[in-house]
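This report refers to the structure that appears directly beneath it.
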Amino acid sequence: MTNVTGTERVKRGMAEMQKGGVIMDVVNAEQAKIAEEAGAVAVMALERVPADIRAAGGVSRMADPTIVEEVMGAVSIPVMAKCRIGHLVEARVLESLGVDYIDESEVLTPADEVYHLNKRDYTVPFVCGCRDIGEAARRIAEGASMLRTKGEPGTGNIVEAVRHMRQVNAEIRQVASLREDELMTYAKNTGAPYEVLLEIKRLGRLPVVNFAAGGVATPADAALMMQLGADGVFVGSGIFKSENPEKFARAIVEATTHYEDYELIASLSKGLGNAMKGVEISTLLPEQRMQERGW
């Protein structure tokens, strides 16, 4: 990338191009090809999908660059990769590999418990998770070009993604209704930068796209998130932890596109086989809740 391609306007525009699509987690070239053939608009290259990261425990880090390069060489669609929150070097390594987007992700073990990356220092666009408008606005102020709900990754349980999408959208409506002289107090109470809130008020929406992520496991889940206002869908473990990844991938892409066509979604949901095994959120210990990572 050149410095020109690294401007905020261009980076946000690149993320906007993925709007309405599905981004799938993959761990090798074979999975990347399945995702591309199913109609994914991009893939996320990593060593393990979130369900396996959750099961393995321990410290989870950036993927081996060999895996990232293997995926990049296998598909023509954009390739994303994850770095740990606050890990300056992992982000620079991924940028040097030529990935199309970097996800500063709570799925991996945070490297810094105080600071997120200053994403404006990079030419590559960044994706970040959020649960509310405070987190969303802080990530935007840091230079994030795309947001996604945090949900609860690797659970196959959509409830947290629904909660986060509804929360962000409700707070956007609240910001839009405030007078400008009321925004400063709102900024103080939420930790949201005032200038970003002004931009949200002026636009009536976030200035970057906001995808759904964290728990999407079925075509109906994907359609639900689109109806709640998501600009697109990330699917982590839901594809390749299902009984039939090829069928699930195609069905989720179709349901994301035609999210109000209930007869089609019913048809897409027939004969898919078992979805990934789900996890009840209330059974997770506080330290197992990935959505709590980041600030």
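Even glycines carry a Cβ here, placed using N, Cα and C.
Keep in mind it's a predicted model, so treat the numbers as computed, not measured.
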In Swiss-Prot, the residues Asp25, Gly154, Gly236, Ser237 are said to bind D-ribose 5-phosphate. Which of Gly39, Gly129, Gly134, Gly215 is said to bind at that same site?
Gly215
Between the Cα atoms of Gly215 (D-ribose 5-phosphate binding site) and Arg166 (D-glyceraldehyde 3-phosphate binding site), what distance do you get, rounded to the nearest Å?
15
Can you tell which of Lys82, Arg166 has the least company, meaning the fewest other C-beta atoms within 10 angstroms of its C-beta, among these recorded positions?
Arg166
Distance check, please: Cα of Lys82 (active site, schiff-base intermediate with D-ribose 5-phosphate) against Cα of Ser237 (D-ribose 5-phosphate binding site), rounded to an integer number of angstrom.
15
As a test of the contact definition, list every same-chain residue at least 6 positions from Gly236 (D-ribose 5-phosphate binding site) whose Cβ is closer than 8 Å to its Cβ.
Asp25, Met44, Val49, Pro50, Ala51, Val107, Pro153, Gly154, Ala213, Gly214, Val216
Sorted by sequence, non-Asp25, Gly154, Gly215, Gly236, Ser237 residues with Cβ within 8 Å of centre, D-ribose 5-phosphate:
Val49, Pro50, Ala51, Pro153, Thr155, Gly156, Gly214, Val216, Val235, Gly238, Lys241, Met276
